[in-house]
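According to TrEMBL, the protein has these features:
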TRANSMEM  21-44  transmembrane segment
DOMAIN    100-518  domain 'Major facilitator superfamily (MFS) profile'
TRANSMEM  150-170  transmembrane segment
TRANSMEM  177-195  transmembrane segment
TRANSMEM  201-224  transmembrane segment
TRANSMEM  236-257  transmembrane segment
TRANSMEM  263-282  transmembrane segment
TRANSMEM  349-369  transmembrane segment
TRANSMEM  375-394  transmembrane segment
TRANSMEM  464-484  transmembrane segment
TRANSMEM  496-513  transmembrane segment
Amino acid sequence: MPTVDDILEHIGEFNFFQKQTFLLLALLSAAFTPIYVGIVFLGFTPDHRCRSPGVAELSRRCGWSLAEELSYTVPGPGPEGQAFPRRCRRYEVDWNQSALGCVDPLAGLAANSSLLPLGPCRHGWVYDTPGSSIVTEFNLVCTNSWMLDLFQSAVNVGFFIGSVGIGYTADRFGRKLCLLITILINASSGVLVAISPTYTWMLIFRLIQGLVSKAGWLIGYILITEFVGLSYRRTVGIFYQVAFTVGLLVLAGVAYALPHWRWLQFTVTLPNFCFLLYYWCVPESPRWLISQNKDAKAMKIIKHIAKKNGKSLPASLQSLGPDEEVGEKLNPSFLDLVRTPQIRKHTLILMYNWFTSSVLYQGLIMHMGLAGSNIYLDFLYSALVEFPAAFIILVTIDRVGRRHPWAASNTVAGAACLASVFIPEDLHWLRVTVACLGRMGITMAYEMVCLVNAELYPTFIRNLGVLVCSSMCDIGGIITPFLVYRLTNIWHELPLVVFAVVGLIAGGLVLLLPETKGKTLPETIEEAENMQRPRKNKEKMIYLQVEKLDTPLN
């Protein structure tokens, strides 16, 4: 009985229908960008200082420039190791008193301004920015700065919970229904984030966005890989991730044009409502319909695909069978991931690499937002290097293999982070170049772990292995905001040192994994355990058996 892959060989593995569907779902991938890394612009923290009543009036009366006003009325940097004292402390001075002069107004109060008592910012802050962000609107600075970390961590908590549940719901209720529901909830909660009156409500709606947005992105990935033929599946999967990179470029342009966070959030959210039109444009996966014994509906969709591709469906392919033969049913268990030595090693290394990829990818983007240079250009440059990363993967995985390019990409990312620590600030072009090199490295590592994860597990625990290992990606995303923003307060380059260590260790660990280029996917635990051993004799034996079986048919 023919499978869907057999039929696609006749009606087109990547023809007009698949190309059209890919473009539609690629838009979905691009729209996920603002949720994943939008914190760079939504949570931008500009230079700020305590608001002191009377300072503005005194500055106008004396005709001070901004530099003079800061010099006279804002405390200095303070002792080394003290986190941004001029941003979070103010002189305990009544600036409305008439005795204050225009030349060094604090001279009459103390011989040295450093002797004056300092107090907290009781009257809020002044922000040096023409726009706004959630930081400036809700004053997420100084003692409240952890609330910005929590905002980004909340969306990653949503990613984690949503990703765990999406495998069951998409298999139980179908890809298309789950896709449309996640799109509707994502778009609605995104709008509610933009109109949230308080930080608490904004946090709740952002968590809801996280619950459904990554799940929707994953469903789109599943759908497009199930619509195309086997030979195109890997390439389409990589280009689906390239669409996310296109979203990065668009996000940089939109954020530059709309420096106010509420308008930016509205603008990047509203297009999601257009994706509800996919109800009429994107059919259900015929593979899922067959798994649910809905062969008639599956055949109707297959005929629609054939018609769109300008092909005819042969009468011999009018009946359908499952993609995989049903054999002895094995129930997967979490213990299967750690019970045997080689699979246990694979699991631990893959979990660490998923964690590393998430921490470095999101961390480098967040750290860039704190660099103090042109955030829009830096974001654009670092996004552009993701295109050659995808190209290098496509060129090398079937020629060089997986393991060495993967290890090299992690090593390059770690080395770039370490090098950035020692590059002086005045060599901005070199810092940007090295940062882009690191970004390209971790992008390659991220895409490689997605590819290799499924190739190291036997069939009956493959989905479970990918699910458990990739969950560390979201755990890393939860930790990263606290890692970046808290360590930056101690030393601006300290997060890069941590990233370097984590990345270099990941590169070394990858070399302990077996090479999967040219190897069939393991079917049993025994095959997975023996992946690192030579299999030449077994391959010759299998070839001879096939040759003998084929001889009478010829």
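Quick reminder: no glycine exception, Cβ is built from N, Cα and C everywhere.
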Remark   = Checking 21-44, 150-170, 201-224, 349-369, 375-394 against the transmembrane segment (464-484) for Cβ pairs under 8 Å, the most are found for 349-369
Task = Taking the transmembrane segment (263-282) as the first stretch and the transmembrane segment (21-44) as the second, find out whether 3 or more Cβ pairs fall under 8 Å, excluding pairs closer than 6 in sequence.
result = yes
Query = Is the transmembrane segment (349-369) in contact with the transmembrane segment (375-394), using three or more Cβ pairs under 8 angstroms as the rule and ignoring pairs under 6 apart in sequence?
reply = yes
Key: Cβ-Cβ under 8 Å with the transmembrane segment (21-44): same-chain residues at least 6 beyond its ends   = 129, 133-135, 140, 148, 151-152, 155, 183, 186, 190, 209-210, 213-214, 216-217, 220-221, 223-224, 227-228, 236, 239-241, 243-244, 246-248, 250-251, 255, 261, 264-265, 268-269, 271-272, 275, 278, 281-282, 362, 365-366, 368-369, 375, 379, 481
